[in-house]
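What Swiss-Prot annotates here:
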type	residues	note
SIGNAL	1-15	signal peptide
DOMAIN	16-130	domain 'CUB 1'
DISULFID	Cys65-Cys83	disulfide bond
BINDING	Asp131, Val132, Glu134, Asn149, Phe150, Gly153	Ca(2+) 2 binding site
DOMAIN	131-172	domain 'EGF-like'
DISULFID	Cys135-Cys147	disulfide bond
DISULFID	Cys143-Cys156	disulfide bond
MOD_RES	Asn149	(3R)-3-hydroxyasparagine
DISULFID	Cys158-Cys171	disulfide bond
DISULFID	Cys175-Cys202	disulfide bond
DOMAIN	175-290	domain 'CUB 2'
DISULFID	Cys234-Cys251	disulfide bond
DISULFID	Cys294-Cys341	disulfide bond
DISULFID	Cys321-Cys354	disulfide bond
DISULFID	Cys359-Cys403	disulfide bond
DISULFID	Cys386-Cys421	disulfide bond
DOMAIN	438-680	domain 'Peptidase S1'
ACT_SITE	His475	active site, charge relay system
ACT_SITE	Asp529	active site, charge relay system
DISULFID	Cys595-Cys618	disulfide bond
DISULFID	Cys627-Cys659	disulfide bond
ACT_SITE	Ser631	active site, charge relay system
Amino acid sequence: MWCFVFFSLLASFSAEPTMYGEILSPNYPQAYPNEVVKTWDIEVPEGFGIHLYFTHLDMELSENCAYDSVQIISGGIEEERLCGQRTSKSPNSPTVEEFQFPYNRLQVVFTSDFSNEERFTGFAAYYSAVDVNECTDFTDVPCSHFCNNFIGGYFCSCPPEYFLHDDMRTCGVNCSGDVFTALIGEIASPNYPNPYPENSRCEYQIRLQEGFRLVLTIRREDFDVEPADSEGNCHDSLTFAAKNQQFGPYCGNGFPGPLTIKTQSNTLDIVFQTDLTGQNKGWKLRYHGDPIPCPKEISANSIWEPEKAKYVFKDVVKITCVDGFEVVEGNVGSTSFYSTCQSNGQWSNSRLECQPVDCGVPEPIENGKVEDPEDTVFGSVIHYTCEEPYYYMEQEEGGEYHCAANGSWVNDQLGVELPKCIPVCGVPTEPFKVQQRIFGGYSTKIQSFPWQVYFESPRGGGALIDEYWVLTAAHVVEGNSDPVMYVGSTLLKIERLRNAQRLITERVIIHPSWKQEDDLNTRTNFDNDIALVQLKDPVKMGPTVAPICLPETSSDYNPSEGDLGLISGWGRTENRTNVIQLRGAKLPITSLEKCQQVKVENPKARSNDYVFTDNMICAGEKGVDSCEGDSGGAFALPVPNVKDPKFYVAGLVSWGKKCGTYGIYTKVKNYVDWILKTMQENSGPKKD
């Protein structure tokens, strides 16, 4: 038993690899002992095999060498078991048994049972290192492609376009690293349509510009990859990965997935993995970038150019607002802007929108007002009104304006021009009822003669015919380019005049046919006794101030004998004193001969020297007349063919031979053309 242990310990001892060696059974060449187990570990250098041969074998014979035996073991597997006797097979060779193994390690185990009836001497064996052809001597081929043997080893090599993996045995294709950036392309497995290489991992990358989504197209007949095994596992496979999406792995004869794969990404990774076997042709696919769409509407109330059913990445459109709408950015408005479909599927300038044009707060008008509008945007309507009853609108339909597409308030008749409130002429707020003469007549109110203008020095009168114009007699303003004038007061008291409107003169325009004379007292020719005074500022109309109408040129405005007209003024009375309260009266028109027959009161003039023309009207009756201080005031007649009382200036107080009798009035109808032309040529106030 101790002997068994001793030999076992010796057998487990390992030494450095050697090129050759000798193995002898215990006690050789004497009889080997019973109950012995001994092991020899043989190791030659890497890259060599072992040639083992026996020159002597003499052991107990038994069935299957069950009693005594020599075992040859490689990698735990019994290669051979020997027992019995052997003799040389060749007379020239001492070898009785020999073996050659392609491995560089072997175990030889000697075993004897508990008794031997005969004397057996055991065995003698020798081993040596021999070169191995690894490329042919093994069942498993060591190289995937080309195997190259040399003494003590071998090396593997690969065909062109292949490379040797780190295991130095298998070849693969260098098919990774390709990056595709074109919007349209085709990708195929290596060697397609020839069989693809084994033991390879091909990685392809598609990297498109942001704003495109990758779409793959694969025909079934363009896909041939080693089918899955019985458990459904793909040893060769094609896989697609796009951000958070994965498609595959796919394998088989004919593409098993959808023929069109639409990703939501502009990047895609393709992985084609193969194992060591297979003779399939591989695959081919096509891809293209599908541009990301943008919503069709950026801003309502707009027109797009060009018009398309679908807008996609990089499309540029011109967006034009429809009439009445505009794009407002800051304080600047425009009717159009450009927008580009961006890579994120959103339009540039999406913050801009077509908003209704805002016409803004309507401008105020003189002597009128505009109602507060509910809104001031496109389509809104406003109404202007004049300050009634003292003003009226020049155009009957001129009060309604709508907010137009161009951002202006527009009237159907006037366009963008603002309405004008024209003073109502010839309508007193209180009709004159007392029929008393001025010369010694009764007082009246300014409301009955709102057109009456008071000239302070020399005292005289005038007629307001427009907010900028006063009509008077030429001799009232002769030699006075800046007369002091008031309107709106009945009394000439200082405190009352303070509350009246003082009129500031812009210019005095005397009729060009009026003959200038230095001394009024000696004047006998009052032909063309008419003048206009233009005012610097407009007169504000009201219950005490209003213009009188001008006559028209039709025959209806020809004064006729017997017509009753109104006169007013602050001239002297029969006791030859000037009054401070306005007086008025009704006077009939009479024939010019009646005025010619009046005895002259002026001691400096003869009756026959006075000039009478068709430019004059004679009016009055005994005791009813105008007098000094009334000059220039209006002789008012009712406007013909109107329902409500309205007056026009038929004449201007001009002169008379004697107060309290018949007086001469300048016939205004003869000067209407000159009046209108002069007013037009000097329209508006003079600006400082």
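Using the three backbone atoms N, Cα and C, a Cβ is placed for every residue, glycine included.
Fair warning: this is a prediction, and the values are worked out from it, not measured in the lab.
Within 8 Å of the Cβ centroid of the Ca(2+) 2 site, not counting the listed residues Asp131, Val132, Glu134, Asn149, Phe150, Gly153, the chain contributes Gly47, Asn133, Cys135, Ile151, Gly152, Tyr154.
Spatially, by CA atoms, the recorded positions Asp131, Val132, Glu134, Asp529, Ser631 include one closest to Cys156 (disulfide bond), and that is Glu134. Annotation for Cys135 (disulfide bond): spatial neighbours Val141, Pro142, Cys143, Cys147, Asn148, Asn149, Tyr154, criterion Cβ-Cβ under 8 Å with sequence separation of six or more. Long-range Cβ contacts of Cys341 (disulfide bond) within its own chain (separation 6+, distance under 8 Å): Pro291, Ile292, Pro293, Cys294, Tyr311, Val312, Phe313, Lys314, Asp315, Val316, Trp347. Under DSSP, Cys135 (disulfide bond) is assigned to coil, being neither helix nor strand in the three-state scheme. Across the domain 'CUB 1' (16-130), DSSP helix (H, G, I), strand (E, B) and coil residues number 3 helix, 57 strand, 55 coil. In this structure the C-alpha atoms belonging to Asp131 (Ca(2+) 2 binding site) and Cys386 (disulfide bond) are separated by 127 Å. Taking CA atoms as the reference points, Cys659 (disulfide bond) and Cys618 (disulfide bond) are 13 Å apart. Comparing Cβ neighbour counts within 10 Å across the recorded positions Asp131, Glu134, Asp529, the minimum falls on Asp131. Listed in sequence order, the recorded positions from Cys65, Asp529, Ser631 having a Cα within 10 Å of the Cα of His475 (active site, charge relay system) are Asp529, Ser631.
Each residue contributes its Cα atom, and for Cys65 (disulfide bond) and Val132 (Ca(2+) 2 binding site) those atoms are 30 Å apart. Taking CA atoms as the reference points, Cys83 (disulfide bond) and Val132 (Ca(2+) 2 binding site) are 28 Å apart.
Between the alpha carbons (Cα) of Cys175 (disulfide bond) and Ser631 (active site, charge relay system) lies a span of roughly 119 Å. Under DSSP, residues within the domain 'CUB 2' (175-290) fall into helix, strand and coil as 3 helix, 57 strand, 56 coil.
Across the fold, the C-alpha of Cys595 (disulfide bond) and the C-alpha of Cys403 (disulfide bond) stand 62 Å from each other. Least crowded of the disulfide-bonded residues (Cys143, Cys386, Cys403), judged by neighbouring Cβ atoms within 10 Å of its own Cβ: Cys143.
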